[in-house]
Every structure is written in structure tokens, then in C-alpha cells.
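**Q** TrEMBL lists these features:
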REGION    B:1-23  region 'Disordered'
COMPBIAS  B:12-23  compositional bias 'Low complexity'
TRANSMEM  B:53-73  transmembrane segment
TRANSMEM  B:85-105  transmembrane segment
TRANSMEM  B:112-129  transmembrane segment
TRANSMEM  B:135-157  transmembrane segment
TRANSMEM  B:164-183  transmembrane segment
TRANSMEM  B:203-224  transmembrane segment
TRANSMEM  B:245-263  transmembrane segment
TRANSMEM  B:269-287  transmembrane segment
TRANSMEM  B:314-336  transmembrane segment
TRANSMEM  B:348-367  transmembrane segment
TRANSMEM  B:374-392  transmembrane segment
TRANSMEM  B:398-417  transmembrane segment
Amino acid sequence: MRAPPLLALRGVSKRFGAIQALCDVELEIHGGEVIALVGDNGAGKSTLVKVIAGVSPADSGVIEWQGRIVQVRRPHDAQALGIATVYQDLALCDNLDVVGNLFLGREIHRVGVLDEVEMERRAVELLHTLSIRIPNIRLPVASLSGGQRQAVAISRSLLGVPKLLLLDEPTASLGIEQTSQVLDLIDHLRDRGLGVLLISHNMGDVKAVADRVAVLRLGRNNGFFDVNTTSQEQVISSITGATDNAGRTRMGRTGEAWL
Amino acid sequence: MRKETFRNTEPGRTAGGPEARAPAAAGRRLLVRRGDVGRAVDEFRRRLRDGELGSLPVVLGLALIWIIFEILNENFLSPRNLSNLSVDIVGTGLIAVGIVFVLLIGEIDLSVGSVSGLAAAMFAVLNVHQGMPEWLAVIVAVLCGTTVGAVHGFFFARVGVPSFVVTLAGLLGWNGLMLYVLGESGTISIDDQGLVAKLTSHYFSDAAVAYGLAVLGTAAFFLAAYRDSLRRRAGGMESRSLGRLGFRTGALAVIALAAAYVLNQFQGLPLALLIFLLVVVGLDYLLRRTRYGRQVFALGGGVEAARRAGINVVLVRISVFMVSGTMAAIGGLFLASRITSASQTSGSGILLMNAIAAAVIGGTSLFGGRGTTWSALLGMLVIQSIASAMALMGVQAAVQFMITGGVLLLAVVIDSLSRRSQEAHGRA
């Protein structure tokens, strides 16, 4: 019998005016597990992340954290539970160095005076434990590669020692080499017992790093798959809404085109 | 335990087995192996490539124009001229320090000239006409500048009017208020033995003061840097070697003592210069070493990132305009002190342009996020040197404007090029 999931969503719904963005969505994430959240544009992936992160709370439904029912009404609530979010636009300050970005908004200080030495020591320690290679952490992040910037953004979210990490398209703008660096990092986080919810468009990434795939389609669950036993085609047809056979895939596509 | 492993990776004196070293530390080791000079060259190359030249172009430029002007006119580097120069830069320089804050968050304040004039007029009217004690009138005038800055900040940060427009309105409006305050009198002479007049007329004629402060300042710099370096070493981090620290301290000592020597050849250390230096050093510390300063830089680097990091963007923006208004008022008092009067022309003319040009020539970026208060000092030295040399050689103001304009253009070109280079290298 497994421990209760780190995070469980039960019947989460969210409506923006006339649009039903999420409808009775279910999701479970355990510690040490990477769940990929996939779906077409407008399927509700980002909305779901915002619900979990407390940015825009759900209208109805239950959120359970380690088996307890909790309220996530504000970003602060999510952070207090141990949920960290890395958004697609990394929200780094290009002119600040790596240390400055890691500690932005939670600087170590004594009566307002920054303790640079301590911050740098902890930054090195953190990057070291994550096996992140950045040649000089005193460089402005503007001079880092995309992958390194993503690594900094993820490390930054890990400073608060979260239990669950939400990653919104972390590899969207990266090259092959850099993508593999970020995927390595995600692997590493799983090994450390974190739960990771990974939003991705890239089936290759999903296949490479996720344990399970949760598919959203038009705001509803459209299947959960085990990555090891499911073919990429099955996942894709679930995303596009055609689950059974080629004939229905084509019908689904045609139907979609007419929407 | 983790700490222990980490110590083992310390460059140079590794005791632990090779397997204890993380790849990151190994990468850094390679860098460390190189000698001091090699590292300095590497660092310089990187900064050149990434367009992070900071104050280097202006320091070189300043050295160059001083040499040229000295060749053209042997009085240029005379103690008397340099001493006057060091006082002449203070008024506009203090205003430029405030401009640096505004530029750092990527905004502009066009009202500083008018605000400086307003502060001078307020002081003169309160003190001379209303008989208010000088110290109180000074405080009121400075707070007047702070308030004006807060008003600009409010309209910019809270209402959302572009800072360019808000402060352009300020430029007109506060100039109008100054004329209104001055009323019929037009020009008000201030007490030439008073507190404000002393700001620019007082010199520490005792040679020991200038030398003492030069030594003290250098020692303070060395101790602060040395303590930092010790702490870093204790934490197992790379630190500047004693050699480099010694070199920097030595360079500072040479500059400080040379300045003290030259100033002592004339009338000693000017009070105005001392105040200016204290303001530059103090606000530099505020910007680089405090949480507040970090927030200012963060805003210049990415407003959205700053907001998500929990920084109160509105508050920081308003505060920056308050600093700018305050410094404009203080600068205005120094300018009034220099001519011992406040008049309808106070704060007008090229003052505003000079203040902004000084900050930019000194190496503060117009695009936000990069800069230091020292650029106000360096930029003003360039501008005032040109003005002073032209005056010595009897060249008309027209030529002086053209040369200053050219230098400003050059500075902005360097700024823009380095920004482009940063963008090119920033996103791979």
C-alpha cells in the first residue's frame, strides 16, 4: 500500500466566463515521481498549473496534500505547502548574477546589508548538490546559455526546499544538448524524492523523463498512461481526441478542423 | 557532511580524493590554476565580449583628455585649476547621482534641473526673506525635493503615466513654481558667510586633513576587502588573491594621495568635494550591498521577475524618484552656494542635460540595470574638464557644447553596442 499521494486533485473545475476551462479534473502525484501533463493548446494545462500554484484558484473540487484536504487560494498557500512553480518565461533578472537571481526576494541579510559570502556559499552548495555546472556564478545570467538559465530558474525554485515542483514547458526554447541537461536535472530531482509535474509539448521529453502521462483534452481528463507500456501514438491520439483506431483518429482530426 | 565534501573541492589545497570533486568544482579548478595576471586578462576579455565595460572607457577617456588639454594649455593640470574643477563638479554631480538611481530602473527624470532651482529658491526665500534659520531652511528645501520626487513617483508607479511625461510636466511646473516663489525680487543673494555658502567655499587648509582622509579611506577599503576575502576563504570559496587585493589598494592609495597632494598645493581639501565623495561612496554601498539596492537593480533587469520575487515594485519605483528629487534639491543648494545666490535662471540651461550626460558618460546604462554612483563623479569630471579647458583656452561655449555633445554621443554608442553584444550573447 503506497503512502497517500503528495498532491491529489479531485473533481477540480474552473470556469472563465462562458468557457469551461477545467471540468472534473483528477490528478495524483506521488513523491519521487514525474508526471507529464500533456494536451493540445487550450486543453487547460496552464490553467491547471495556476490552480495548483494558487495563482487562480479552482471554482470547485478538492485539493489534497499528503492525504489532507487543503485550501490553495493564493500563491503563498502553495509555497507554504511546499509547491514551487517555474513558469515558462523564466522570470530572471538578466543584469543580476546567478547568486543574485537565486536569492532575489529572499536575500540573506543583516539589518538590510546583504551577506554576499553566505549567499554565494549556499548557491555553490545548491548547484553542487544538483550537479549543475555553471562556470562562474558571479556572471550576469544574460551571459548564460538557455539551458543554464533554465537550471538557474529551477534551482531558484528549489531554494525553498519544496516537495512538489511544477515545470511549465521547461525545454520549450532549448536546443538538444541543453534539453538533455534539463531532463537530467529533472531525473535528479525525482531521485531526491521530489514530485514533479512537467508540462510539455515534446513527446520525446515526456518519454525520456516521465513515469506517467496525464492527458488533458478540452479541460477534461482524457486518460492516464504508464510511459513504459504505452506507445507514443497512443498518447498522441489521446491528446487529439481519437483513442480507438485510425479511422477515429481521422474523424477526430476532421472534426477538430471544423471546430 | 556535505560541507566537508564541499571543502575538499576547494581549489589549490585539495585533500580529498578526486571522486569527491564535483564536475562544477573541477571546472572551476581549471580556472583557478591560472595565474593572477592570466585570470585578470580572462576576466577582461569576458567583459569586453559581454559588453560589461562599466567605467573603463570613461577612465581611459578622462586620462586621454587630461593629457591632451595639458599639452594644449599648461595651466590645465595646475593645482588651482584642478581644485576649482573638483568643486565645480559637485553641484551637478550630486544631481547626476540621483539620475543614476532613476536610470538604473530604466526610467528618466527630466525635472531635476527645475527641482534644483526650486530648492535653491525655497531656501533663499525662507532664509533671506522669511528669516528662517539656515539649517531649517536647508532641511525644508531638501524635503521639498523629496516630496516633488514622491509626486513624480506616484504618478509614474501608481497611476502609470510614463516617467518621461511626468517629469517633463515637472520640468515646466516646478520651474513655474520657482519663479512664483522668487516673486518680484528675481535674484536673492544669500549670506556669503552662512552655512550654505560655506558648502562650496570652505577648504580644510590643514594639509593633514587631505592626507589623513586619503590614508583612512584606502585603509578602510583594504580592511573591508580583506575581511571579505577571509570570510570567503573560510567558506571555502574562491577569493581574490592578496596580490590582486594589494594591487587594487595600491592603485587607490596612489590616486587618493595624488589628489590630496594636488589639493593641498592650492587651498586644501574642499568641503564640497568631501561631501560629494561621501555621498557617492555611501549611495554606492546602498546600491550594491543592501536589499534595497538589490531591488533597484532587479527592477532594471526585469520588472516581472522582480514582481514575482515578491518585490514591492510600486514602492521601489516611488523611492527611486524620491532619491532623485532629494539629490536634485541638494545639488541645487550647492549650485546656489557656488554663486551665493538664487535667481530666476537657477536650475535652467544645460544643467539638466549635463546631469544626465554625466551619468551616461560615466557608464550608467540608459536601458536600466547597469550603473554605479561613481559614474556621476567620473562623467562630471569629463564634462567639467572640457568646460574648464575651453574656458582656459578662451574657446567659445559653442565649441564646448559641440565637444560635450560628441562625447555624450560616444558614451551612448558604447552603451548601445554593449547592450547589443549582451543580447547577442545572452540568449543562446
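The backbone N, Cα and C atoms fix where each Cβ goes, and this holds for glycine too.
A quick note: this is a predicted structure, and the numbers were derived from the prediction, not measured.
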**Q** Can you tell me which of B:53-73, B:135-157, B:203-224, B:245-263 gets the most C-beta pairs within less than 8 Å of the transmembrane segment (B:164-183)?
**A** B:135-157
**Q** Quick test of the contact rule: Cβ under 8 Å, at least six residues beyond the ends. What residues does that give for the transmembrane segment (B:374-392)?
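**A** Non-local partners: 55, 58-59, 61-62, 65-66, 69, 72-73, 75-76, 81, 84-85, 88-89, 92-94, 96-97, 99-100, 276-277, 280, 284, 354, 357-364, 399-400, 403-404, 407, 411.
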**Q** Is the transmembrane segment (B:398-417) packed against any residues at least 6 beyond its ends, judged by a Cβ distance under 8 Å, and which are they?
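**A** Same-chain contacts beyond the ends: 51, 53, 57-58, 61, 350, 354, 357, 360-361, 363, 365-367, 379, 382-383, 386-387, 390.
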**Q** Out of B:245-263, B:314-336, B:348-367, which stretch has the largest tally of CB pairs under 8 angstroms to the transmembrane segment (B:135-157)?
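**A** Looking at each of B:245-263, B:314-336, B:348-367 in turn, the most contacts to the transmembrane segment (B:135-157) are made by B:314-336.
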**Q** For the transmembrane segment (B:112-129), I need the partner stretch with the highest count of C-beta pairs below 8 angstroms, choosing only from B:85-105, B:203-224, B:314-336, B:348-367.
**A** B:314-336
**Q** Could you check whether the transmembrane segment (B:348-367) and the transmembrane segment (B:203-224) come into contact, where contact means at least 3 Cβ pairs under 8 Å with the two residues of each pair 6 or more apart in sequence?
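**A** No; fewer than 3 Cβ pairs under 8 Å.
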**Q** Could you tell me whether the transmembrane segment (B:269-287) and the transmembrane segment (B:85-105) have 3+ CB pairs under 8 A, leaving out pairs under 6 positions apart?
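**A** They are in contact.
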**Q** Give residue numbers and ranges for long-range contacts of the transmembrane segment (B:269-287): same chain, 6 or more residues beyond its ends, CB-CB under 8 A.
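**A** Result: 83, 86-87, 89-90, 93-94, 97, 101, 104, 198-200, 202-204, 209-210, 213, 260, 263, 293, 296-297, 323, 327, 330, 334, 337, 372-374, 376-377.
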**Q** Cβ under 8 Å to the transmembrane segment (B:314-336), counting only same-chain residues 6 or more beyond its ends: which ones?
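**A** Beyond its ends, the transmembrane segment (B:314-336) has Cβ neighbours at 90-95, 97-99, 101-102, 104-105, 107, 109, 111-113, 115-120, 123-124, 138, 141-142, 144-150, 152-154, 156-158, 163, 190, 196, 199-200, 272, 279, 283, 292, 295-296, 299, 306, 342, 346-347, 351, 355.
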